[in-house]
Protein chains: 4
Amino acid sequence: MIKVSVVGAKGRMGSHVVDAVNNAADTELALALDAGDDLTQITPGNTDVVVEFTVPSVSLDNVLALVAQGVDVVVGTTGWTDEKLDQVRAALAAAPREGQSVFIAPNFAISAVLADYFAKVAAPYFESAEVIELHHPNKVDAPSGTAFHTAQGIAAARKAAGLGPVPDATETDGGSRGQVVDGIHVHAVRLRGLNAHEEALFGNDGEQLTIRADSFDRISFMPGVLLAVRKVSTGAYPGVTVGLDNFLDL
Amino acid sequence: MIKVSVVGAKGRMGSHVVDAVNNAADTELALALDAGDDLTQITPGNTDVVVEFTVPSVSLDNVLALVAQGVDVVVGTTGWTDEKLDQVRAALAAAPREGQSVFIAPNFAISAVLADYFAKVAAPYFESAEVIELHHPNKVDAPSGTAFHTAQGIAAARKAAGLGPVPDATETDGGSRGQVVDGIHVHAVRLRGLNAHEEALFGNDGEQLTIRADSFDRISFMPGVLLAVRKVSTGAYPGVTVGLDNFLDL
Amino acid sequence: MIKVSVVGAKGRMGSHVVDAVNNAADTELALALDAGDDLTQITPGNTDVVVEFTVPSVSLDNVLALVAQGVDVVVGTTGWTDEKLDQVRAALAAAPREGQSVFIAPNFAISAVLADYFAKVAAPYFESAEVIELHHPNKVDAPSGTAFHTAQGIAAARKAAGLGPVPDATETDGGSRGQVVDGIHVHAVRLRGLNAHEEALFGNDGEQLTIRADSFDRISFMPGVLLAVRKVSTGAYPGVTVGLDNFLDL
Amino acid sequence: MIKVSVVGAKGRMGSHVVDAVNNAADTELALALDAGDDLTQITPGNTDVVVEFTVPSVSLDNVLALVAQGVDVVVGTTGWTDEKLDQVRAALAAAPREGQSVFIAPNFAISAVLADYFAKVAAPYFESAEVIELHHPNKVDAPSGTAFHTAQGIAAARKAAGLGPVPDATETDGGSRGQVVDGIHVHAVRLRGLNAHEEALFGNDGEQLTIRADSFDRISFMPGVLLAVRKVSTGAYPGVTVGLDNFLDL
C-alpha cells in the first residue's frame, strides 16, 4: 500500500486525486491538506508520496518545504521555469533522505502524452503533416500549448530525418491555412461542448495516419497521477523528473 | 432507356460519364463526342439528354448550339456567370422544342451537396459552428469554394434564427483560429493523399454534431450526373436549373 | 418571461433543468418540486409550463395530475407506452383549459435528433449505409435504442426509394459484421471514457458521407428542453406531441 | 543510385513500383519483367535489388531463382508459410554472394504498420480497447487480417501488463458488439467508396486515444517498397526479414 498525501485537496484537481487515491487498490490516503493547513504534518512516517495540485504562486514553496521534510513529491501545478526547477534541485541535494524524488508533469493525460510521442515517431515517414486542436470556447490562448509542442516535435523529427518542407501549392488564402509552427500548420477550433482534443494528421500518396487524443474531463488525468505516484514510490527516480513520458514504456 | 450523348467524352470527367452511362440499367450511350467533333450530329432523334463536361472557354457555345438543336443538356463545366446564364435562358426561349431544360451544377458530389444542406438546417440549433476542409496539397486556393459556401450558409441560417456571434474568448493567437467567413471560422488542411473533404462542426454545452463529406475520387460525381440526367429527361424542369439540391428530395 | 416549474428538481436531469431555466433569458423558475412535495401547488397562476423528469413508475400519475390542474407539461421521463399515451390524451380531453399540451421526448439531445433525421434524408442517395454507436461500458443493452431507430429509418428510406440490399461480398466472418437491423449493419462499441455517440456512414463509389452526434454530458439535453418549453408555451401544440423533431424546422 | 529490377512489372502493384523507382531520386529502373520473361537476365551486374510482386503460385520459385543468381529481393507477394520461408533460408545459405537478403512484408502501407505498432504501445495504459476496420464491400473476409493482427497485439500487450478483461456490462445484444479476438472486440464495416481503413480506440475515464490508418489507394504501398529497397541495398539485413516494422525506427 502506497501512502499518499494530497496538498490542494479541496481544489478541482486535488479533490479528484483524493478520490483516485481512495479508489485504487494499491494506494491509501494519508493526509488531505488545503490552503491554510500545516504542511509539517506530512512526514516520511505517514506519507510515501505527496501529490501537489495548487497554484503557481505557492507551488514552489510547497515543494521546497515538502522536500525538506523528507518526502517524495508528484507535482501537477503548472508554471515551472528553469530557475524554479534549479531551486528544487538544490533543495533535493540538501534533502534529509537519500534519493528523494520530485516529479513534475505539464500534462497528466496519458492519451495526450502518447499522441505527442506517436506524432514524433511517425513524422519522418510522411510527406505531409498538420495539427488540429479543438477546445472549449472559453480558452484564451490559441493554439494550445500541447498542439504547439506537438508541431515542434513533428518539425524536429522531420528535420532530423532530412525531410524538406511540407508540400503546399496554396497561392491565395485569407487565413484558412492556420498558424505555421516551425513549418507545420496548426489549426485551432473553439466549440461549445468540447473540452481538450488534438489531432495529428500525416499523409503520403494514397494514405493517411491520424492520431487523436480526446480529454473529455479532468478525471482523465488520474491514471497519469497514479502512474507517477507508483513510479516515484519505487525510489528509482532520484532528483527532478519532468514529463509523464519518462514513466511510460516507450 | 434514356439515350445520353456525351460532349467532352475523352476528358477526365467525360470518360467517367461514358462508363457510367454504359453501366447504368436505365441509360444508354448515344454519341460520345470530343473537341473537333461535329455537335450537329446530336439531335432529338438520337439523344434525350446531353452531358457536357468540357472547359469554361467553350462550354457556353456548346450549350447554346445544343439548345438550338432541340436537346436537353446537363452541364458539369464550371465558370458560369449570371450573364452567361442569361444567354442560355434567351436561347431556351427561342428553342425548337417546348419545355427544354438546361441543368448546371457547381458540384455533382451528392455527399458534398447533402453536407452543405444539412449544415444550413443544423446551424440554428447550435451555439458554436466551424468548418474544416481538407484537400490535396496541389490545390492553389484556400479555403475551397465549397467550404466558403458552407460557412456562408451557416452564417445566414444563424442570422435568420436570431443567433449572435459564436462564443470565442481567444485573446492571443498567431493565426491558428483560421479565416473568418461571415463570422464563421474556416480552416484549410493540405495533406498529401487526400482529395476533397469537408467537415462542419456544431456544438452546444455537452454535445457535438459533425457532418463530413469525403470525395476520394472524381468517380464520386457520377451518381449526381445520372440523377441529373434522369430528372432532366422527365421534362419536369423546363428552363435553367442551377444546383443538384434541386433534384434531391430535401 | 415563461414561468417554469420543475418536477423531479433534485434528480440528475431535474437539477440541470432548474439551472437551465434560471440561466435562460426568457424563462424563470416558478416551483422546484421533488418526491414528496405537493404537486397541487402548481397552478396556471404561477406556472406556464411544467418540466417533468422523474421515473417511469410515477411519471404517468404526475402528468395526469398536472393536466387536471390546467398546466402544460414537457416530459423527459422514459417508459411511455401507447396505453399510457391514451390515458394522457383522455385526461387532456377533460382538462380545465382549452388547448392544453403534453410534450414527450425520448431524446432531448438536438444533435442526436438531427443526426437521426439527416440519416433518413441521406439514405436514398447512397449504395451503402451502416451505423456505429459508441457508449460507456456500463450500458446493459446493445445496440442503443437510438442506433436501432436510426437503422430502421435508413432501411425504410432506402425501401421507399426502391433501393435493394446494401452490397456485401463477405463470405467468412466470426461476428465482426455486427447486428443486422432491417438489412442495415449496426455496430456497438463500449469504451470507458465515452458517454453516448452515434455515427451513420453512407457510401457511393468514390465518396462517403458521415453524420456523427456526440453527447458528452446530460447537460446536452438542456437546449432541447428549453426549446420544448418555448414551443409548448406558445399554445400552438394542443394535445399530445411525441418527439423533439416536431419542434425543429426540418 | 540503387539499380532496381521489377518482376511482375505489368501487374497492378508492379506497374506502380516501376513508376516509383523511376520517380525517386536515389533509384533507377534496371529491368522490368513480367510473366514469360527470362529471370536470368537479372544479375548482380545490372541489379542491386529486385522487387517481386506477382502471385503466390509463382512467387517462391521466382525468389529461389533470384537468390541463386546473387541478387537481393524485396517481396510483396502474399501467401508465405513457414515452410516456404525455410526454403528461402536454405537457398540463401547456398547463395553465391555473402550476406544476401530477402525481405518479405505482409503490408507495405507505412500508416498501417505504424498504427499496428502504436496500438501495441498504447494498449497497457487504457482500461478499454476496441478495433474497427472499414473496407470496400467486395472484400470476402471479415475482419481484415490487419485488424485481427492489431487486436491480437493489443490483447498480448494488455496481458503482459497485467490488465484484466475490458469492462463491458452488456446483457442483451443481437450481435452488435462484434467479434471477440483474444478478448478484444473487432468490428468490420463494408462501405462502397472505401478502400482499406482501420481504427484502434482506447479509453480511460474522461479520455480517449484513437489511432487511424487510411489506405485510399495501392499507391500508398510505394513509400514502404522504396524504404525496403533502400534498407536491403545497404547489405545490413542478411538472411530473411519479415515485416516492414523492422525498417522503421521504432
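Placed from the backbone N, Cα and C atoms, the Cβ positions cover glycine too.
Here TrEMBL flags D:His135 as active site, proton donor/acceptor. The Cβ of D:His135 (active site, proton donor/acceptor) lies under 8 Å from the Cβ of D:Ser144, D:Ala188, D:Val189, D:Arg190, D:Leu191, D:Leu194, D:Asn195, D:Ala196, D:His197, each of which sits 6+ residues away along the same chain.
The Cβ neighbour count for D:Lys139 (active site, proton donor), using a 10 Å radius over every protein chain in view, is 19. In the three-state DSSP scheme, D:Lys139 (active site, proton donor) is classed as coil. Marked as active site, proton donor by TrEMBL: D:Lys139.
Around D:Gly8 (NAD(+) binding site), the same-chain residues six or more apart in sequence whose CB sits under 8 Å from its CB are D:Gly14, D:Leu33, D:Asp34, D:Ala35, D:Glu52, D:Phe53, D:Thr54, D:Thr77, listed in sequence order. Sequence annotations record features per position, and here TrEMBL assigns NAD(+) binding site to D:Gly8, D:Ala9, D:Lys10, D:Gly11, D:Arg12, D:Met13, D:Asp34, D:Gly76, D:Thr77, D:Thr78, D:Ala105, D:Pro106, D:Asn107, D:Phe108.
DSSP assigns D:Gly145 ((S)-2,3,4,5-tetrahydrodipicolinate binding site) to a helix in the three-state reduction. Under the heading (S)-2,3,4,5-tetrahydrodipicolinate binding site, TrEMBL lists D:His136, D:Gly145, D:Thr146.
Taking the domain 'Dihydrodipicolinate reductase N-terminal' (D:2-108) as a whole, pLDDT averages 96 in the prediction. Taken from TrEMBL, the feature domain 'Dihydrodipicolinate reductase N-terminal' applies to D:2-108.
If you measure from the Cα atom of D:Lys139 (active site, proton donor) to that of D:Lys10 (NAD(+) binding site), you get 23 Å. Break the domain 'Dihydrodipicolinate reductase N-terminal' (D:2-108) down by DSSP state and the numbers are 40 helix, 25 strand, 42 coil. The record gives D:His136, D:Gly145, D:Thr146 for (S)-2,3,4,5-tetrahydrodipicolinate. Within 8 Å of the mean position of their Cβ atoms, the other Cβ atoms in that chain belong to D:Glu133, D:His135, D:Lys139, D:Asp141, D:Pro143, D:Ser144, D:Ala147, D:Ala196, D:Glu198. For the pair D:Asn107 (NAD(+) binding site) and D:Thr146 ((S)-2,3,4,5-tetrahydrodipicolinate binding site), the Cα-Cα distance reads 8 Å. Checking the recorded positions D:Lys10, D:His135, D:His136, D:Lys139, D:Thr146 against chain C with a Cβ-Cβ cut-off under 8 Å leaves D:Lys139.
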